[in-house]
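Per TrEMBL, the features are as follows:
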type	residues	note
DOMAIN	65-149	domain 'GHMP kinase N-terminal'
DOMAIN	257-324	domain 'GHMP kinase C-terminal'
DOMAIN	412-515	domain 'PurM-like N-terminal'
DOMAIN	530-698	domain 'PurM-like C-terminal'
Amino acid sequence: MITIKVPCSSANIGPGFDVIGLALSLWLEIEVTVGDEAAKSAPHNCRITYEGQGETDVDLQPDRNLITQTALYVLRCHQKRSFPRPTHVHIRNPIPLGRGLGSSGAAVVAGVSLGNEVGKLGLSKNRILDFCLMIERHPDNVAAALYGGFVGSYLKELDPEDMKRKEVPLAEVLPAPQGGEDTGLTPPVPPVDIGKHIRFPWASEIKCIAIIPDFEVATAKARSVLPTSYEKADVIYNLQRVALLTTALGQSPPNAELIYDGMQDKVHQPYRKTLVPGLTEILRSVTPESHPGLLGTCLSGAGPTLLALATSNFDDIAAYLVKQFAKENIKCRWELLEPAYDGLTVTSSDKSQNSSMTYADAGVSIDSGNELVQSIKAAVASTRRPGADAEIGGFGGALDLAAAGYTEPPILIQAIDGVGTKLKVAFAMDDFSTVGIDLVAMNVNDLIVQGAEPLTFMDYYACSKLNVPDAVRFVEGVAEGCKQAGCALVGGETAEMPGMYQGKEFDAGGAATGALKKGRTLLPDKAAMREGDCLIGLASNGAHSNGYSLIRKIVEKAELAYTDQAPWDSSTTVGKSLLTPTRIYVKPLLPAIEQDLILGMAHITGGGLEDNIPRMLPKHLTADIDVSTWAVPPVLRWLKGAGNVSSREFARTWNTGLGMVLVATEDHAERLVRVLNDAGEKAVRVGRLVKDEGQGVVLRGIEIWDKAS
């Protein structure tokens, strides 16, 4: 048995008329049994059964039911006139029909997927989108249902003559003469890439209250009340708001004022007030001021459903809106829905030993891997640099050292590292936009401390099932990190390993290659270090990527959710703050290295000050450090206090506020500080080198850490 699941969706959110859509946690489910005996005599080899919304009204004839009619269109585009084998299609549909929750869009996505599965066509999701858009002409609903999450999309122009062909199925939104009539002709096959989409972030604390009236508004009727042209001022009004709204809905904590204003609309909702009694008054009566927790309201899609976005007080907001509709003699029910991030999913429970098996049957999708490569090419290409073209898709990455400026053989320096359990916070926040920067930082910072210029980077991404939008967000972060470091992303590897990872979790590793020009000193230059040499610290911006196992325990002990306001920063959430990416120090340090101002550097990672600083020093010297010379970031101060972490453990677990510690001669120290500060760093003198008497790193004044926490 094959199970196809497609979420419902809300389109036209706020001012985003035919622009943005949101997949929601109400799923159309199709159970497909191939080789069904009872379907042998059924038309087109297909028998349909149905349960759910509109049960008495849904047509069960395969050439008239939108799901199977769509599947037949896809099959006929591939020279298959009917279902290849007798097939039972059982439909479970909890999505209300004609209410603006994407029932037709979900049906079209399910239908294309059904044709793909029974015909064993091997269509990627991007190609499935092409077929969907030949039928459902509104990419906002379809793209959200197909890919999941909060999606922006647009549609390329198609040949009007193709769209008049009778072989193209009739979706609810299309006029006659389309209707799936079997003329025996091959239907018009959709061009490749007729629709484009992008997935926007969505703040995890925002949920959706759907107020669903007990009457339908057909899409055709909803569209008939719209004007054929709009006032310029109204279009500008909507464009200004939608430009802000897609970002505002991804920020945590959400800004209620910005979102409420951003959801105002002069192109879509005002013309539908005649279809929904009392709509204007109801929308005006509920605001973030009158109902704390509310962010904004709008009509969902073309139907009468009212969508209220909120972070709390869901029951009270819903009860109020239901009561307002009741005053207009409209009975409503309501659902509390969350974003559905998976979109279309297909699973198979066929365990027949005689069935033909594919790699996809084992949970590995080659198509998804290819889709990812196409989706990240632009981000990867943005990292190109002399000597490395940053093109992916081959079997390895190339580096031309001569083109990179190394006319004589350099010393190559390599580093390899991962992100660690900071990924757990990213999973909790469903935000993978910054951990790619961390991955690059942990590698290139290890190169620069040896005096090497980072040249190339490669990443490794391992998961149970490849979620392309999540992987794209991660790789875009990697590309951003590479740009900050000045190195090229020349390749990577994506591995789907079902059973090794759970759900949406993944692990990531990276490797960087750098070079040291011939004649330059490989750092640290321990032989040149002397007692009295200066120690200079570069400020960190938080925990960077270390100590997150302890961080998560402290957050749990404090009974904080990652979506709660951060106790150390009221302008953000716990999770958002903890995902602040590791600072990349490469570009500010390279000029100082070129000027021979530095004798050694320590990247302060796992092990903190006590374990990392000795790695750059000769055995006869140690670091004498005054901890009062720099500021401890608020997040680290809070973690120390909330976890009752001793000062010794504090200095061995986190960076305490210094991401790098440098050694310079007294003669060069003042100039080095000036060069680094001019480059945007916060560089300060933190101590000096003294004779090692077996005491390790000497930290003076640590009592201030206890007072601060």
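Placed from the backbone N, Cα and C atoms, the Cβ positions cover glycine too.
Not measured: the values here are computed from a predicted model.
Counted over residue pairs separated by six or more positions, the domain 'GHMP kinase N-terminal' (65-149) shares fewer than 3 Cβ pairs under 8 angstroms with the domain 'PurM-like C-terminal' (530-698), which leaves the two as not touching. In the domain 'PurM-like N-terminal' (412-515), the DSSP tally of helix, strand and coil residues is 40 helix, 39 strand, 25 coil. Sorting each residue of the domain 'GHMP kinase N-terminal' (65-149) by its DSSP state yields 46 helix, 7 strand, 32 coil.
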